[in-house]
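What follows is a set of notes on a single structure, which appears directly below.
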């Protein structure tokens, strides 16, 4: 049975230690807690299954070799990012949330290398994100596990002759492009495709085109770029079976696989990478608070959890308020924190003059940047098509690593908004 942690503090508890969780913690510590009456009574607690944060968008390239990125920038210690704050204002717990009681506002945590803890919360922010189908493409558990998976994949890569990737979204396209260029090189200027690639790489999508969020012309260009690094794209064909079961998952990461498509065609794979969709990390949340897809049902304007009671919020991929994307996370952090500040003030002074809620409105214009290999890519930003050079400059050169130092350290949130 979990022991309840005794504390005299009002705990503002954030569940999740990636873009949404760290950003929310920094914003609260910089711009919310200092403006609350009795500010000394509040403590921000961040709970994460990993003690390190990492630039998850970089996984399609990072999985190939440690030489692709400076490792001390790709992975950073979470506790180290918060040493700048007074000790009694912040606490980091390395563990996994196993249950959330939204009525009593408490969470139970399976602590890494420790006994389970039950924490009484004054406010809760659910920022646990989502897990990828492939254990190569995200922090599904912790950084140590991800590194172990990468090492196993890298050991199998030199002997692979056939690689199958399922999923035509950015993760699948980027992974195919990175592996294609690394293993096969790129076709010359006057060749539309790479003939006789060293490794046959096949990308399978159930959609009529890859990159469904982008306009058809950009999807077509991306497919041509994939062809130039030896990737064959199969469209309108869903993967219906993989043998052995679990191939590409953690327990059979590098197993040889037979991939069966819905038309009965079979593909033989020395390596199989499932890059289809995500599983939202919400198993600890009461089912009454979830959508049919497993996301936390979140008010699209205020970021409060629908039917969750007071002082319960969700942000990032796990929330239902917006399409999973880093730019949506960054746009919602100030709004969630402003509304939490309003709620915290009212909890102390019910008749306080706190103004109206701030409202988030998702920008649904075409926005997505997709590198295809080390120097090419396609994309659009706020509805405007971007040339390949801009895709490389903004994302493709290091997969956003140039932005993460400011986010992890909180410098990005130096000014409130």
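Glycine residues also receive a Cβ, built from the backbone N, Cα and C atoms like all the rest.
As written in Swiss-Prot, here are the features:
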type	residues	note
BINDING	16, 17, 18, 19, 20, 61, 317	6-hydroxy-FAD binding site
Span of 16, 17, 18, 19, 20, 61, 317 around 6-hydroxy-FAD - largest C-alpha separation, Å:
24
Within 10 angstroms of the C-beta of residue 16 (6-hydroxy-FAD binding site), what count of other C-beta atoms is obtained when all protein chains are considered?
27
Out of 17, 20, 61, which of these binding-site residues shows the lowest number of other CB atoms within 10 Å of its CB?
61
In sequence order, which residues at least six apart in the same chain have a CB under 8 Å from the CB of residue 19 (6-hydroxy-FAD binding site)?
316, 326, 329, 330, 407
CB contacts for residue 317 (6-hydroxy-FAD binding site) [other CB atoms within 10 A, all chains]:
25
